[in-house]
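Dropping the structure in here first, questions after.
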Amino acid sequence: MVATGGQAQDQSQNQEPDVLNPTSAVTGLPQKRYYRQRAHSNPIADHSFDYPARPEDVDWRSMYPSIQQGQQVSFADVGCGYGGFLVTLGEMFPEKLSIGMEIRVKVSDYVVDRVAALRRRCADTGAYQNIACLRTNAMKYLPNYFSKGQLEKMFFLYPDPHFKRAKHKWRIINQALLSEYAYVLRKGGLVYTMTDVEDLHKWIVTHMEEHPLYERLTEEEANADPITPKLYQSSEEGAKVVRNKGDHFLAIFRRL
């Protein structure tokens, strides 16, 4: 029987077109195009965040359902973007808990949904239970989440360069914040920085070398680190730089 115009319209209205589904029918993962947001966010703006008064108040079990008694987050990917490198950390270090910290709401929503989808897809193995994403402003609230000497590694990959001189104070690496990072890093802990902007790289190196609690790894030490090869294109931003044949500027620092 041929559908009349009214019947065809009803059928069309009752159908949910796949194009409106934010989850891919093929991979089961969220589709990035439904979570697009401007590339950067003003970290000084008065965003509305719920944050704990102290690290002991953080409900880590809500983010890591399989967390063990006494287990703590060891790695922090600050400004994790769409979570590509965070996922890599979860795969490389299955016994460690890694957190991605992202200020942009849609982007952090994407990472949360991505992690949830990966957990569902790997329910039989329990993979990706060791990664999570938190929407927050790391420039303001880092000590609210981590206790003294808790973190083993921190990552600052392709941060906002804030090109204008008046906005340099917004850069994620500056003297005041370096002291906070030193507080939450254990002695011997590592800070990984990567950018495709040479001016920002020089800024990072200068500020970290001037700080008394950090020393830069030698080129040999950096190249021997198994994480180093992953820094170039595990993140979405890094992969874009590779596609565009851009430059990468790497510097890794040890907490003294």
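In case you wondered, yes, glycine gets a Cβ from its N, Cα and C as well.
Remember, predicted model here, so these are calculated numbers, not experimental data.
Feature annotation from Swiss-Prot assigns region 'Disordered' to 1-25. Summarising the annotation, Swiss-Prot assigns S-adenosyl-L-methionine binding site to GLY79, GLU102, ILE103, ASN137, ALA138, LEU157, SER235, GLU236, GLU237. The active site annotation in Swiss-Prot covers ASP160, and the record cites sequence analysis as its basis.
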When a 10 Å sphere is centred on the Cβ of ASP160 (active site), how many other Cβ atoms does it contain?
19
Could you check what DSSP calls GLY79 (S-adenosyl-L-methionine binding site) once collapsed to helix, strand or coil?
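The three-state answer is coil.
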Please report the Cα separation of ILE103 (S-adenosyl-L-methionine binding site) and ASP160 (active site) in Å, rounded to an integer.
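Cα-Cα, rounded: 12 Å.
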Which state, by DSSP, holds GLU237 (S-adenosyl-L-methionine binding site): helix, strand or coil?
helix
Would you mind pulling the longest C-alpha to C-alpha span across GLY79, GLU102, ILE103, ASN137, ALA138, LEU157, SER235, GLU236, GLU237, which the record has binding S-adenosyl-L-methionine, in angstrom?
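For the residues that bind S-adenosyl-L-methionine, the greatest Cα distance is 20 Å.
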Could you tally the C-beta atoms, other than its own, that fall within 10 angstroms of the C-beta of SER235 (S-adenosyl-L-methionine binding site)?
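The answer is 26 other Cβ atoms.
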Can you tell me how many other Cβ atoms are located within 10 Å of the Cβ belonging to ALA138 (S-adenosyl-L-methionine binding site)?
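That number is 23.
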